[in-house]
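Below you'll find the structure, written out as structure tokens, and then a few comments.
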Amino acid sequence: MIRQPFHLVEYSPWPLTSSIGAFTLAIGLASWFHNHGFLCLTLAAFLIIVSMIQWWRDVVREGTYMGHHTSLVTTGLRWGMILFITSEVMFFLAFFWAFFHSSLSPTPEIGCSWPPTGIHPLNPFSVPLLNTAVLLASGVTVTWAHHSLMSGKRIDATQALILTVCLGAYFTFLQAGEYMAAPFSIADSVYGTTFFVATGFHGLHVLIGSSFLAICLARTWSHHFSAGHHFGFEAAAWYWHFVDVVWICLYLCIYWWGS
């Protein structure tokens with residue numbers, strides 16, 4: 001019989017495979033920027049996706065079917081998620097720092113102006129504004145889902161999560177179309193680099209958050225969550241609100257002020 005409230009995690013290959021996949025992904029991405037290494041990038045992405053699916057499956061099994069996620073374990077998971085989001089905030093602070101460092105004191109190499117000479121920025125009141133409305137609406141629907149879960153309304157929570165995932169997919173579709181129609185590329189001065197790195201990294205977070213919420217949707221449909229025990233969903237909702245806040249900052253700083 002277990003006489004302590006903590007979950008003693010068993011051996012798992014997924015941290016190792018995820019690390020290998022992330023390392024290979026970085027190498028493949030750098031190679032892809034130089035017009036080769038796409039196969040390496042694809043294999044690394046496949047390894048990461050498989051590792052995520054298997055790791056997520058293990059966590060769901062341990063928490064839902066084996067009962068390892070006690071109140072103390074859940075508290076640890078909460079702090080872990082808070083620290084993870086804090087580390088993500090530091091990522092985006094670095095991108096904003098690079099953007100403002102370049103825009104507030106433009107160098108002669110880019111014409112001593114911002115946007116740089118020859119760069120035609122995107123209209124902040126077209127697709128970017130629509131993307132903002134889409135993400136804000138998704139923040140409302142994920143909050144609706146959370147309150148429905150706490151009230152024991154599983155059907156309402158399921159409907160709200162379906163809307164949230166659809167809005168996340170629509171945002172990704174709009175962002176991809178914006179990238180294809182952009183009159184500049186990632187190689188067009190520091191403006192193009194900071195724009196595509198910052199917004200692209202946010203787009204990656206939208207994909208991850210949409211996957212997170214899709215898993216929560218499947219778990220909600222399968223009766224995995226109760227009114228008092230649904231931290232898996234809470235973590236996804238925290239992450240999604242973080243994605244919303246970052247996008248508002250990106251819109252105001254890069255799309256609106258930066259143009």
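Each residue, glycine too, has its Cβ placed from N, Cα and C.
Now, the feature entries from Swiss-Prot:
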type: TRANSMEM; residues: 13-33; note: transmembrane segment
type: TRANSMEM; residues: 36-56; note: transmembrane segment
type: TRANSMEM; residues: 80-100; note: transmembrane segment
type: TRANSMEM; residues: 125-145; note: transmembrane segment
type: TRANSMEM; residues: 160-180; note: transmembrane segment
type: TRANSMEM; residues: 195-215; note: transmembrane segment
type: TRANSMEM; residues: 237-257; note: transmembrane segment
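Here the transmembrane segment (237-257) does not lie next to the transmembrane segment (13-33) in space: the count of CB pairs under 8 Å, restricted to residues six or more apart, is fewer than 3. If one looks beyond the transmembrane segment (195-215) by at least 6 residues along the same chain, the residues whose Cβ comes under 8 Å of a Cβ in the stretch are 52, 56, 60, 88, 91-92, 95-96, 99, 135, 142, 161, 164-165, 168-169, 171-172, 175, 179, 184-186, 232, 235-236, 239-240, 242-243, 246-247, 250, 254, 258. Counted as Cβ pairs under 8 Å, contacts with the transmembrane segment (160-180) are highest for 125-145 among 13-33, 36-56, 80-100, 125-145. A Cβ distance under 8 Å defines the sequence-distant neighbours of the transmembrane segment (125-145), meaning residues of its chain 6+ beyond its ends; these are 156-157, 160-161, 163-164, 167-168, 170-171, 174-175, 177-178, 206, 213, 220, 233, 236-237, 240-241, 243-244, 247-248, 251, 255.
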